[in-house]
């Protein structure tokens, strides 16, 4: 009996030891991985020999130096060497330092990430302690769901911004771009849209933003939505690799919540700085420019990022993406803006001249388009908006004529109506960031037009600030 007990004890001990080994080597931190050595060092990248057969584009590697282990991404693979861009600037790199393959970069989001601010590596930067990790690790370089497995986009929602809810209404699962030059009000409009109450979760990627604005945006703008929001931050002084990764990390977090059935709002400010980061990395890898200094990889990565947003499969939720595009020199046909416009489901154009007049948000209702507007409008609303756009167009095209005194009342009924009603429409569209979101934009507009028709036009100004 004693012998049998000893054999059972030895067997159980061996099994426990074997299980421990399996668990240990299943962990990527302990697994045996191929490695190489640093061969050359240049500003923004370094080359490694001995890894060409073992890595793929986009794989992460760990560079071991005298100060610790630092991450890098493989951006070019050649027969005898690979080119690696370090993730963080200032990493100390020496010739013959050891470099180990890590594979795809993965994160494990959970609901506990809500209310937190993290960097592009999914590390907390808000001083609130460590992040709890989920059960499923997701690659940030994931692909979009197959098109035929996705639900249709059907349900409209209220943003609370009258200029958008009337002229360019949105649907859950839509991807919308906000196009504007610098200093026109993109971030301000995004902050107004972030307060929409139609979403279970909000994920925000702040890419290349000024450091002083990050805390203001998160704490002042989100308000009650802060508890259901995750902010991913890569400021302008961080490396191009981190600025490139931030939107990918954000959309991966949004995918986690969508797959659980949540309706998610994804805000990226801005995709242009994401494109600039890709350009910096591609230039370091030796990729030639093809369009105004942008390499081909920019126009490959943009659709990969944007197509990951949208509706999920049956039973899943949606990702409604609202992204900002900074147009260089107010040129709305620059390569990044033109490429993004062709991918997105609509675009809001912010006009600098409207901002200079003090009309906020400076949304140009004639140039802004929502490709899914018909799913959000009722038939009567669609007819009304078509009529409103006609009046606004008539009002704007005759502005010079009226300035030189060439307008005579009674000669053109449409122009007479435009002159009476368009200023009222413009007044209704004005909203300041601190105002409560509009509950029903069409009702506000109808009330203002009725007041103007009764000769009480000043009362229309009182609409601003009503919820």
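Backbone N, Cα and C define each Cβ position, glycine as well.
Annotation source Swiss-Prot lists ATP binding site at 180, 181, 182, 183, 184, 185, 186, 187, citing sequence analysis. With a 10 A radius on its CB, residue 180 (ATP binding site) counts 29 other CB atoms from all the protein chains.
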Where residue 180 (ATP binding site) falls in three-state DSSP terms: strand
Chain-internal residues near residue 183 (ATP binding site), provided their CB is under 8 angstroms and they sit 6+ positions away: none
Nonlocal neighbours by CB distance (under 8 Å) for residue 185 (ATP binding site), same chain, sequence gap 6 or more: 350, 355, 360, 361, 362
The one of 182, 187 whose CB sees the fewest other CB atoms within 10 Å, among these binding-site residues: 182
Number of Cβ atoms other than its own within 10 Å, given for residue 184 (ATP binding site): 25
Candidate with the highest Cβ count within 10 Å, taken from the binding-site residues 181, 186: 186
